[in-house]
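Enquirer: Among the features that TrEMBL reports, domain 'ABC transmembrane type-1' is placed at B:78-269. Annotation source TrEMBL lists transmembrane segment at B:17-39, B:79-101, B:113-134, B:146-169, B:190-212, B:252-274.
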Amino acid sequence: MTALRTGRVSSRFGSSRLARKATPYGFVAPTAILLIALMVVPIVLVISYSVSTGSITSKDAPFTGITNYVTLLTNPDFWNAAFNTLVFTVSSVVAHLLIGLGFSLMLNSRLLGSVPRAIFRVIYILPWLFTAAIIAVLWRLLLDPQGVVNYLLQAVHLAGSPIAWFGDPGAALFAVTVMNIWAGYPFFMISLLAGLQGVPADLYEAARVDGASGFQQFLSVTLPQLRPIIISMAMLDVLWTTQQFALIWLTTGGGPISVTEMLSTFTYKLAFTGFDFSMAATSAVIVLIFSLIVAIFYVRSQRSES
Amino acid sequence: MATVTPHRRPRKIGLRIALAIGLLAGGVFAGFPVFWMLISSFKTNTEIFAYPPKLITEGFSFDAYLAVLGDPEEIRFFINSYVVALSVTALTVVFAILAAYAFSRYEFRGKKVLNVIIIGTQAVPPIALIIPFFGLMVSLGLYNTYAGLILTYIVFTLPYAIIMMTAYFNTLPKELDEAVKVDGAGAWTALWRILVPISVPGIVSVAVYTFMISWNEYLFALTLTRTNDLRTVPVGIQLLIGQNTYHWNQMMAISILGSIPVLILFLVFQRYFIGGLTSGSVKS
C-alpha cells in the first residue's frame with residue numbers, strides 16, 4: 001500500500017529536483033522496510049539472545065556474555081551434530097557434483113537425439129520438483145523394512161534380512177545422505193548443462209586438431225570451462241546442505257541415538273523441544289557465522305570471474 | 001587413451017551402448033522413486049507392502065485421492081497453501097518490480113548498503129532466523145496467522161526476486177523509459193506503462209520461483225503456525241503420518257496432489273524459469 005502511494009506522490013511532482021532525488025527511495029521503501037524489520041532486526045535479536053540467558057521464555061534475560069558459547073563449544077552433543085553435518089554435507093556435495101556432471105554430459109552428448117534428450121532431461125529434473133516434506137515421506141515408504149528397496153536388495157542377495165534404514169544406528173546417516181543426494185543433484189545438473197552448452201565449439205575443434213581423444217578433450221576443454229560453475233555450485237550446495245532441516249526432521253528426527261543429528265535439528269530441538277532459546281540462538285549464530293564465511297568466498301569467486 | 005582414435009565406427013557403437021546404459025541407469029535412479037509414489041497412490045493400503053512388491057497395481061483405484069479430497073481438514077491444507085503462496089507471489093512481484101526499477105535506473109545513497117543486505121540475506125540460514133522470528137511473531141500477534149507466514153516468506157523470496165528482476169530491467173534500454181519521461185510522464189508511469197508490459201518473461205520467472213519457494217516451505221510453516229486450520233500442505237502431510245497410522249496410499253496421493261501445482265508451473269514455464277534462474281545465479 002505505502003509503496004503505491006509513495007510512487008504516486010513522486011510522479012505527481014514530476015521533474016522537480018527534490019522529487020527526482022526522492023523517487024528511488026519511494027521505489028525501494030517497501031523492500032527496505034521489510035528487510036530491515038524482518039532480516040536485520042532478527043539477526044540483531046538472535047545475536048543478543050545468544051549472549052543472554054532465558055531469552056523469550058523469561059521477562060528479563062540477563063546478559064551473560066560468552067558463557068553460552070563456552071557451554072555449547074564444550075558440549076559433545078554439539079560436536080556430534082557438527083561432525084554429522086560435515087559428513088552429510090561433504091558426501092552430498094561430492095555426489096551431487098559427480099551425478100550432476102555425469103547426467104549433464106550424457107544429456108549434452110551429440111549421440112543423443114533431441115526427443116530422448118528432452119525426455120531424459122525431464123526425468124532427471126524430477127527430484128527437484130518435489131518438496132522436502134514429500135521427499136521425506138516418499139523415502140520412508142521406499143526404505144521401509146518391508147519396502148521395495150529392501151525387497152530388491154534381498155532379491156539380489158545384497159542384504160540377508162530387511163534393514164530398517166532410518167531406524168538402524170549403523171545405516172541411518174547413510175540413508176539420509178542417499179536421500180539428500182537424490183533430492184539435490186538436479187540443480188547442479190541444470191547449471192552444468194547450461195555451462196556445457198556455453199562451451200565454444202571451436203575449443204573442441206582446436207583440441208581435436210591437436211589429436212586429443214574424447215577423454216582428453218574432457219580434461220583439457222570441458223572441465224576448465226566448467227570450473228567457475230562447479231566452484232560456485234559447490235559453495236551454494238555447501239550452504240544449502242548444511243542448512244537441510246526438513247529431510248532429516250521428517251525421516252529420522254536426528255536419531256536413532258543422535259547418529260543423524262545435524263546442526264539444524266540440534267538447534268531446532270534446543271529451541272522448540274527444550275525451550276532454551278538462548279542456547280539455541282548461540283548454536284544458530286555459529287551456523288550463521290559459518291554460512292557467512294562460505295558466502296563471502298562465494299561472492300569473491302563470482303567477482304573474480306566477472 | 002589417445003591410441004583408440006583409428007577405429008572410429010566400432011568405438012562409436014560402443015559409446016552409444018555405454019550412453020544408453022548410463023542414461024537408463026540414471027533414469028531408474030531419478031525416476032523410480034517418483035514412479036513408486038505414483039503407483040502407490042493408486043494401490044490399496046494392503047497392496048502397498050505386498051510381498052513381492054507389485055510394480056503394476058492390480059486393484060487400481062482412486063480411493064486414496066477420494067479419501068484425501070473428501071476430508072475437509074486435508075482440503076484446508078491445500079486452501080492454506082494456495083492463500084499463502086499466491087499472496088506471497090503477488091506481493092513479491094510488486095515489491096521486486098519497484099525495487100528493481102530503482103536499482104536498474106537510479107543511483108542513490110544507500111544503494112550499495114541495500115544491495116549488500118539483499119545479497120547477504122540469501123546466505124542467512126533459516127535456522128538462525130526461526131528463533132527470533134518466533135519471538136517477533138508472538139509479540140506482534142502474528143503467530144499462527146496467514147499474515148505472519150506471508151510476511152515471513154516475502155523476506156525469503158524478495159531478495160532473489162529483486163536480483164532476477166534487476167537483471168531483466170538491465171537488459172532493457174534506458175531510452176525506452178527516458179522517452180516517456182520527456183513527454184512529461186513520471187517514473188511511475190514509465191515503469192508500469194512501458195517497462196512492465198515488455199518484462200512479462202522476467203516477471204513470470206520471478207512469480208514461478210516465488211510460488212515454488214512458498215508452496216514448498218516447511219520449517220517456518222511448522223514453527224509459526226499451531227492449529228490445523230492454518231497448516232500448509234508440507235506440514236499437513238507430516239500430520240497425516242501421526243494421525244492415520246500410515247495410510248501410505250493416502251500419503252502418496254496427497255504428495256502427488258501437493259506437487260501438481262509446482263509440476264505444472266515447471267512444465268509450462270520450463271524455459272523461462274531455468275533461463276531466469278541460471279542467469280540470476282551466475283550474474284549475482
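Including glycine, each Cβ sits where the backbone N, Cα and C put it.
Model, not experiment: these values are computed from the prediction.
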Enquirer: Can you work out which residues elsewhere in the same chain, 6+ from the ends of the transmembrane segment (B:113-134), have a Cβ less than 8 Å from its Cβ atoms?
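Expert: Distal contacts: 103, 143, 152, 155-156, 159-160, 162-163, 219-220, 223-224, 284.
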Enquirer: Looking only at residues six or more beyond either end of the transmembrane segment (B:79-101), which have a C-beta under 8 A from one in the stretch?
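Expert: Same-chain contacts beyond the flanks: 146, 149-150, 153-154, 157-158, 161-162, 164-166, 168-169, 187, 191, 195-196, 199, 203, 206-207, 210-211, 214-215, 229-233, 258, 261.
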Enquirer: Which sequence positions outside the transmembrane segment (B:190-212), separated from its termini by at least 6 residues, show Cβ-Cβ distances below 8 Å to it?
Expert: 85-86, 88-89, 92-93, 96-98, 101, 157, 160-161, 164-165, 167-169, 172, 176-178, 180-181, 261-262, 265-266, 269, 272-273, 275-277
